[in-house]
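What Swiss-Prot says about this one:
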- C42, C45: metal cation binding site (BINDING)
- 31-94: domain 'HMA' (DOMAIN)
- C155: S-farnesyl cysteine (LIPID)
- C155: cysteine methyl ester (MOD_RES)
Amino acid sequence: MGVGGTLEYISELIGNGGSHSYGKRKKKKQFQTVELKVRMDCDGCVLKIKNSLSSLKGVKTVEINKKQQKVTVSGYADASKVLKKAKATGKKAEIWPYVPYNLVAQPYIAQAYDKKAPPGYVRKVDPNVTTGTMAVYYDDPSYTSLFSDDNPNACSIM
């Protein structure tokens, strides 16, 4: 145990009030930005959301874009706790479901286009989902059998 280890040991003793926690170390939360989609109708709703999320421990900034119904929370708070706190205000809240249009490799999947998406955004879609893009193959009758006398579903113009 060098000088660095000794200083670390002493700071842990002082920081924990003298309790011995040799093997237990607290995980430091990482700084993160959480984006939410929250339904807000009026300025009162905006104020209610802002005050609620600002009171959360670890939150540094709360930015609200009322036009896009978007709330951006920056700080050391966990995303699930931020979402839970936003829902506790009585508003419909979810993690921001959109990504900028230019970041999507192929936004040609049918579910990516959402009429409610803000301009320049498309809905996040799992790239493995290919619903609607797969062609359905079935046995086409050959052209020679379409006009055959043996085929009851053949040309019936007469």
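A Cβ is built for glycine as well, from the same backbone N, Cα and C atoms used for every other residue.
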For C42 (metal cation binding site), which DSSP three-state class applies?
coil
A 10 Å Cβ contact count, applied to the binding-site residues C42, C45: which residue has the minimum?
C42
